[in-house]
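Noted in TrEMBL for the protein shown:
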type	residues	note
DOMAIN	B:306-337	domain '4Fe-4S ferredoxin-type'
DOMAIN	B:369-400	domain '4Fe-4S ferredoxin-type'
TRANSMEM	B:6-24	transmembrane segment
TRANSMEM	B:65-88	transmembrane segment
TRANSMEM	B:108-129	transmembrane segment
TRANSMEM	B:154-172	transmembrane segment
TRANSMEM	B:210-235	transmembrane segment
Amino acid sequence: MAEVIKVPTMAEYMAQGKKPEVLFWVGCSGSFDDRAKKITKAFVKLLHEAKVDFAVLGTEESCTGDPAKRAGNEFLFQMQAATNIEVLNGYEIKKVVTACPHCFNTLKNEYPVLGGNYEVMHHTTFLKSLLEEGRLKVEGGKFKGKRITFHDPCYLGRANNVYEAPRDLLRKLEVELVEMRKCKSNGLCCGAGGGQMFKEPEPGNKDVNIERTEQAMEVKPEIIAAGCPFCNTMMTDGVKGKNQEDKIEVMDVAEMIANAHDL
Amino acid sequence: MQLIAQIAFFIVLVAGIAFFTFNIRRVIRNIKLGRKIDRSDNPGERFAKMAKVAMGQSKMVKKPFAGFLHIIVYLGFIIINIEVLEIIIDGVFGTHRILSFLGAGYNFLIATFEILALLVLVGVIIFWLRRNVTNIYRFIGNELKGWPKNDANYILYFEMVLMILFLTMNGADYQLQLNGADHYAQNAGIAGSFPISQFLLPWFEGFSNATLIIIESTAWWLHIVGILIFLNYLYYSKHLHILLAFPNVYLSKLKPLGEFDNVEAVTNEVKLMMDPDADPYAMPAEGAEDDVPEKFGASDVMDLNQVQLLNAYTCTECGRCTAECPANQTGKKLSPRKIMMDTRDRLEEVGNIINEKGSFEDDGKQLLDNYILREELWACTTCNACVEACPIGIDPLSIILDMRRYLVMEQSAAPSDLANAMTNIENNGAPWPYNQMDRLNWAKEN
């Protein structure tokens, strides 16, 4: 399949004098990381499938500043926020969807005080709403009956109390959903947050992603479902670290839905 | 003799309360060393949260066994304090069981106190076993070695002894009433109902009334003096949570846990930088040259806000935060409980300097490095597990973030990989060195 998917940009919409229903905020990981790009594409396919009128910022998008803020660099965060808000407000954006919980949290919670007020949704919540509106059909397909556990991203779960949307989607896929010992508000971090993604871990006796992978392995899943590109990376590395890559796959919920549709 | 006892009681009571008040005023003074923070918003929601989380112990029961035992001790503490009211009135006026005119209601109350006292005693013994015999992760952390471990045990011993004294006092009293001893026996019959202490009666068999009176009044005195000592011990221990948990939950963060506070000073700077009309050669406003430039982040307790300092005094070192911390579980130095303990200990140190010298003088120490190590701060994943785990709304993460802000904005002391990521964000809008102009390339790839 060598087809190139159509991804309209805000600039194109603007040139045509149109406004999309929703802005898809891709995020750095979704734009540049090879693994996360697959999630981005899967989500775009679903948007097309559901006939969602969407656009991306493309080259006008820039890091939300999340890692800078959590590393303590408030200056850099606010510089990023100020430029992004200028772009978003310039396009009169009202609604944003993103597949990255870090972007989601920052756009939703930390931009309003700086002048950026948007309705921000995580892609799992957005997909669930498409489902409820009857615009998207989710059926089990090849995932039916598969044993799957969902790893809660900290910035989706504890940080913003979104626990059920991704699980509801997985249930629609007719999977056998199993919960880890540590899940939902007690979920263990994958180890990437707070800027850890971009640095070596401090000295310890284990990496956090290995600990979390071991917790996942306890429930013997065929797939670890994730809702965050960073968790995805950490869990994929963890599964490799435990030599389980032949047995356990790590997939984003959006990828699973797209795969079930053979998109 | 009776009058002397009354006077002695009154003096002990006033001294006990006065000394406690004196120390609590120091706690308040120390908390006020922190930066002001406005948490006067949403009083209704705050009160509801306090009712649910602090009074209702809703987060305690997330660990059902420990939570259940804690509720027993908590209820016992509150309800048995009604009896302390009677003890104080009796002590001051030389009366005996002044509230006994309540009749059946009184019997019910005393019976309730007795049953609770026994349950508390059992609960506290189990707590002691959990701490000292079993191998529970959160009770064996490094930061608990030495004084904190002893402190925790002293509190448990205090509670055990107080409950035993209470029951002994009641048992001896009951026996004296049965014997028809002066001052104890009442015309209306037996005052009080003693479902637990009645089992102590065989031990008192054959004792003369004089001996029983000594036992009863000794237990009575030790019990009330013990309570006053315990009250004053609070300040020197981790146990202040029995009072501070309530304001602490009330003042805790209501916003989503993922929303970190905005630094307004930075917002103003950024606005000025982005403002095309800003005059770069403008004279500073009148008097502005006297303004001390604001310090970004926190390197010592005075840089933290007052709620963070209240958090530090409120922490009772239960370690639920540390047990949930991904960094701690994987052997890193970070322990959110230690962050709170260090903050409190440093604040006490600063407070002691003020006690001695009248005002704070630089002692060459600070919270950063002397207490909290950089390695601890950089181990945090900001996952909020510690904040979620705390049963009384303490936020160790906010302190970690403020200290990171100091390291990065005042000292440019981020770990080098992280500093590189930030440089990338600054230069090309992503934490990795990819060109911003390539941001949409994924759409053209297969």
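The backbone N, Cα and C atoms fix where each Cβ goes, glycine too.
Note: TrEMBL annotation is automatic and uncurated.
The residues of the domain '4Fe-4S ferredoxin-type' (B:369-400), classed with DSSP into helix (H, G, I), strand (E, B) and coil, number 16 helix, 1 strand, 15 coil. The stretch from B:6-24, B:108-129, B:154-172, B:210-235 with the most CB pairs below 8 A to the transmembrane segment (B:65-88) is B:108-129.
For the transmembrane segment (B:154-172), the list of distant contacts is 73, 80, 83, 110, 113-114, 117-118, 120-121, 124-125, 127-128, 131, 192, 194, 196-201, 203-204, 212-213, 215-216, 219-220, 222-223, 226-227, 229-230, 233, 237-239: same-chain residues at least six beyond its ends, Cβ to Cβ under 8 Å. Secondary structure by DSSP for the domain '4Fe-4S ferredoxin-type' (B:306-337): 20 helix, 0 strand, 12 coil.
Residues 69-70, 72-73, 75-77, 79-80, 82-83, 99, 102, 153, 156, 159-160, 163-164, 166-167, 170, 192-197 of the same chain, all 6+ positions outside the transmembrane segment (B:108-129), place their C-beta atoms under 8 angstroms from a C-beta of that stretch. For the transmembrane segment (B:6-24), the residues of the chain that approach it from at least six positions outside its boundaries are 88, 91-94, 224-225, 228-229, 231-232, 234-235, judged by C-beta separation under 8 angstroms. As a whole-number mean, the pLDDT of the domain '4Fe-4S ferredoxin-type' (B:369-400) in this prediction is 98.
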